[in-house]
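In Swiss-Prot this protein carries:
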TRANSMEM  A:37-57  transmembrane segment
TRANSMEM  A:69-89  transmembrane segment
TRANSMEM  A:223-243  transmembrane segment
TRANSMEM  A:257-277  transmembrane segment
ACT_SITE  A:Asp307  active site, 4-aspartylphosphate intermediate
BINDING   A:Asp344, A:Glu348, A:Phe375, A:Thr376, A:Ala377, A:Glu378, A:Thr379, A:Arg380, A:Leu381, A:Ser382, A:Lys393  ATP binding site
BINDING   A:Asp516, A:Asp520  Mg(2+) binding site
TRANSMEM  A:586-606  transmembrane segment
TRANSMEM  A:614-634  transmembrane segment
TRANSMEM  A:652-672  transmembrane segment
Amino acid sequence: MSNKPTTPNLVDPKILFPAAKAAFVKLDPRQLVRNPVIFVTEAMAALVTLFFVLDVATGGGSRLFSGQIAAWLWFTVLFATFAEAVAEGRGKAQADFLRHTKSELSARKLVAPEGRETKEIPATMLKVGDLVLVQAGELIPGDGEVVEGVASVNESAITGESAPVIREAGGDRSAVTGGTEVLSDWVKVRITTAPGSTFVDRMIALIEGAQRQKTPNEIALSILLSGLTLIFLIAVVTLWGLASYSATVLSVTVLSALLVTLIPTTIGGLLSAIGIAGMDRLVRFNVIATSGRAVEAAGDVDTLLLDKTGTITFGNRMASDFLPVPGVTVEELADAALLASLADETPEGRSIVALATGEFGRGASQTGIDAVVPFTAETRLSGVDHRGRRLRKGAVDSVLRFAGLSDSKIPQEFRQAVDKVARTGGTPLAVADGNRLLGVVHLKDVVKPGIKERFSELRAMGIRTVMVTGDNPITAAAIASEAGVDDFLAEATPEDKLAYIRKEQNGGRLIAMCGDGTNDAPALAQADVGVAMQTGTQAAREAANMVDLDSSPTKLIEIVEIGKQLLMTRGSLTTFSIANDVAKYFAIIPALFVTTYPALGVLNIMGLASPQSAILSAVIFNALIIVALIPLALKGVRYRPVGAAALLRGNLLVYGLGGLVLPFAGIKLIDLAVSNLNLV
Amino acid sequence: MSVIGWLQISLLFLAVLVVVKPLGLYMAGVLSGEPNVLSPILGPVERGLYGAAGIDPTREQGWLAYTLSMLAFSIAGFLLLFAILRLQAWMPLNPQGFGNVPPDLAFNTAVSFVTNTNWQNYGGETTLSHFSQMMGLTVQNFVSAATGISIALAVTRSFARSAAPTIGNFWVDLTRSTLYVLLPLAVLVAVAFVAMGLPQTFRASVEATTLEGVKQTIALGPVASQEAIKQLGTNGGGFFNVNAAHPFENPTALSNYLNIFAMLSVSAALLYTFGQLVGNRRQGWAFIAVTYAFLIVGVGIVYWAEAQGNPILSQLGLDPALGNMEGKEVRFGQAMTALYATVTTGLSDGGVNGMHGSFTGLGGLVPMFLIQLGEVLPGGIGSGLYGMIVFAILAVFVAGLMVGRTPELLGKKIEAREMKYAMLAVLILPLSILGFTAISAVMPSAVASVGTAGPHGLSEILYAYTSAGGNNGSAFGGLSGNTLWYNTTLGFAMLLGRFAYAVPVLAIAGSIAAKTRASTSKGTFPTDTPLFAGLLIGIILILGGLQFLPALALGPIVEHFAMLSGQTF
């Protein structure tokens, strides 16, 4: 990850200064009205300011008090807009980096589909369907599909991964992204996306938050927060009437202060910052989500559909054991297999060499090889002629045919060994020396180390894992049990995948899957969270709602965690915000009425200095807590895979109980400062 | 406080716990239409009613049709009752020859009974004929309770079903609730009440000669039957003006026990029914645990506050050992009055066996606060259950996110639509209670009805609208409520509290029913654990109660501290 943008520092002045400026721009009520809680706060701030100005003009009232309340109410609004601006600023740094890569591209448009004659035009003039030629050292002018040629491409501009990838016509590796660089050879590319809506363009828009729509859960939470604001508005407005019955006149300043401290300004102010930061975290993980909705859905995922190859296993079958027939020693078999594989450059061949030289300690000597018999699709075996011996290894039936043995001549033990390997999900390779059968090499899919632990972690999170493979059911079952997945889909066609997803969804479960091939596209589109590999086809990338730039299938697990973290952060800060109200009541209620009813002084359990300092302290605490929580909103609450009950207990303790207790201490401390500095 | 007092209280809570399961299972069965012991007798009646009304009991309704049926039935019930009261003079069974009920009082009374509030701005024995009581009020005692059960049943179904377009048939639910739940229970309880000495007669009164030789007229009537459904249906509207403090409504400690037992058991058992029908009995127990926690703490505070007595009176030479006996019946004592007051307000019953206004500041605060919490502890029959579910929705929404999933309750995702309706519902109580109280508190003509100076006067107004908005019906005492202003505004508060709450709740039911029921896993938020019960308590207190704190501070809270500091008003 050479030139991947680094995580911006929370106190990076390059982000903070523009954010501070943006915070003021965001005060525009037309913009703020999208956030009802902060909008109400701004309205109260304006109202108190108006009364303060009137006080100053008429020389009445306690100007020092109302002036400070007004100031802190404005600070409350500013802190909220600042939080959003900081979150956006962090994304902007990344967007600038991307924008840099696509500046001033030009294209060499092919005059005719055949031939190499081109004319140069600006990339912005390209139309969908245009054919362009890109040669080594040039940047690909737009998103498209390779129609001819093969080239190595540096995609680090978008993925951060410096190792070049191969792009070729046909198959699942034909998609190229605008702004990436061809390192060798040449390709003809058909442009598939109009300039301005290319992948990089969409990435920039998403990261910058320009296209940010409220996600479903965010909308529901906003409704809750607006409802609470309305309830407290009723409580505060009616309090004026109740107080006047009790011969107490409450000023607009104190009622505004009471309202703002009671409404959930903490979560209201941080809500959009949390959402932006969640998307941003995903980007930092090199995953681009096409919508915030997908990130939320990731937190809800119940079932993960994982491809066996590359995700659960290393993707290549590896030799794991030598099973000789009677009369042949293991060493003899290992040596024969080793010799037969020395010239074999396939992963299977190399794994046999590795097993024989490693675990079985055989020496590999290249001398004495007379001829090499390479693997072909017709013979389905390979080997060498070595000092007159004809050593072959390959598919069991092919080797038997090669050895020319009739059924009766095949040792019973050989058949048993073949069966045993097949039963445990492996692939048996027969080894023969001329017409003499030596034994069986056990090739098996090797499960990635640590993957079983990952799955049990997922199980603790309440997520089922389902392995999808083209293998037969026996092989699939063996690998499934070794890897510890909950279910598997053997001999899976794309239609099977789609049907499985539909079935799970009908049972009320949310499905996540990843894929890269065009035939994955329908399933990717049907899944609630579909992650396409950046190396995948254009069709897969269009169908998915996330693209993994690292093309790592295990990324799904991290994506789920990021989704959960986003929701948890929202929930924790909501709980915290609501729990805060208790202390604020204890600060403000006695302060409002203690002059009328001295007996209510008992409720001043914090022992706040004076009614005015109590109200001011509550307002200051309410404003400062937003700033104090910005880092948490941006970084997110830590997710631990321990199951919902334990998570709830932990978070309820920290944010629920903490939210109850902390403001008592905070308001008391601020009150000490306010009274000692004689601010009121 | 005494050990005997606490024993009496604990025994009642235990007795209710014992019947919760059998009664809950019985209701789950009959309300689902399963054949039961009463089917041979009542089955033909049920089918006859459907036939007469042209109802196809197998045809279910969507939430909108269900809601419209419910509203149509309630409006018809209101019009009928209003007509009976306005035309009382010409109706039969009027041995005392009472005149027609004035329009504003008739409006208030009709609304009061249709909304299952049973706020009484009238004196039963001095205003209403037997016909009005039996054909008017008692009918509504049954059907308003049955309406509550029906709404709760629709909500329950919405959680039990998956991707369903309908939530049941209102007319079927109404009929079954009345026939199989309320009617048989009322007969049982009424017979028990007669055995305990409650009058059940059509005679208007008896003449008696007192020890001083003065002739006295003692009012009588069909008391036992009305008392039974008053408690079972959490109605609370007494036959007599002083309600269950009257020796004919509640003659003995035993009848008092049956009073409390009857009102608490059905509402508590409905929570169990919910758990049974949604396939998670632990959920029902979790809700019951929440209500018990509130009730036990509530009765503890009231009992303690009343047993402490009033230090101001003690200084004047009153024996402090008796505690505060003002407004209480000697035959019940403090423990049973505290229990009655707590249960009747936790429940939205509204019957009283003592004067809540005569309690100490703290003792009066608890009943008021319990109503303001939303009448969910365990709340009115049916309405308590659906109120509890609204709070459960809020609780899973606020805290459910903390487990890293979008919130879901019993496998149903809680999204913007549910949130919108839940917030609409919880807005209604503060709006009607605080809104009307604040207007009344600054309106000289309304303030004139107040019976006491100082913060207690504010408590009287606040309690009246609390009781009306919460569809409770109990009175604090002291406020002269039978005025045009109070009759009208209390009526509106009751209507808001019932229907402006029930309609969004049914909308939630419609939306929940349509959702696919997700399977639960280790990653889903558990809602049937002690932890969730604790969380739900917190949410009820903070979202249901906190907004009333400023108002309470100016009423009962300041009254309490003023009493302690010896201040009088």
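Backbone N, Cα and C define each Cβ position, glycine as well.
Counting Cβ pairs closer than 8 Å and at least 6 residues apart in sequence, the transmembrane segment (A:652-672) and the transmembrane segment (A:586-606) reach three or more and so form a contact.
Among the recorded positions listed here, namely A:Asp307, A:Asp344, A:Ala377, A:Asp307 has its C-alpha nearest to that of A:Asp520 (Mg(2+) binding site). With pairs at least 6 apart in sequence, the transmembrane segment (A:223-243) and the transmembrane segment (A:614-634) have fewer than 3 Cβ pairs within the 8 Å limit; the two do not touch. Here the Cβ of A:Thr379 (ATP binding site) has 17 other Cβ atoms within 10 Å, regardless of which shown protein chain they belong to.
Close to A:Phe375 (ATP binding site) in the fold, though at least 6 residues off in sequence, lie A:Asp344, A:Thr346, A:Leu381, A:Ser382, A:Gly394, each with a CB less than 8 Å from its CB. With respect to Cβ pairs under 8 Å, the transmembrane segment (A:257-277) is most closely packed against A:69-89, considering the stretches A:37-57, A:69-89, A:223-243. In three-state terms derived from DSSP, A:Asp520 (Mg(2+) binding site) belongs to a helical segment. The residue listed as 'active site, 4-aspartylphosphate intermediate' is 10 Å away from A:Asp516 (Mg(2+) binding site) when you measure Cα to Cα. Same-chain residues at least 6 positions away in sequence with a Cβ under 8 Å from that of the residue listed as 'active site, 4-aspartylphosphate intermediate' are, in sequence order, A:Met467, A:Val468, A:Thr469, A:Cys514, A:Gly515, A:Pro553. Just so you know, of the binding-site residues A:Leu381, A:Asp520, the Cβ with the fewest other Cβ atoms around it within 10 Å is the one at A:Leu381. For the recorded site, A:Lys393 (ATP binding site), the DSSP three-state label reads strand. Across A:Asp344, A:Glu348, A:Phe375, A:Thr376, A:Ala377, A:Glu378, A:Thr379, A:Arg380, A:Leu381, A:Ser382, A:Lys393, which the record gives as binding ATP, the greatest C-alpha separation is 18 Å.
Other Cβ atoms within 10 Å of the Cβ of A:Ala377 (ATP binding site), summed over all protein chains shown, number 5.
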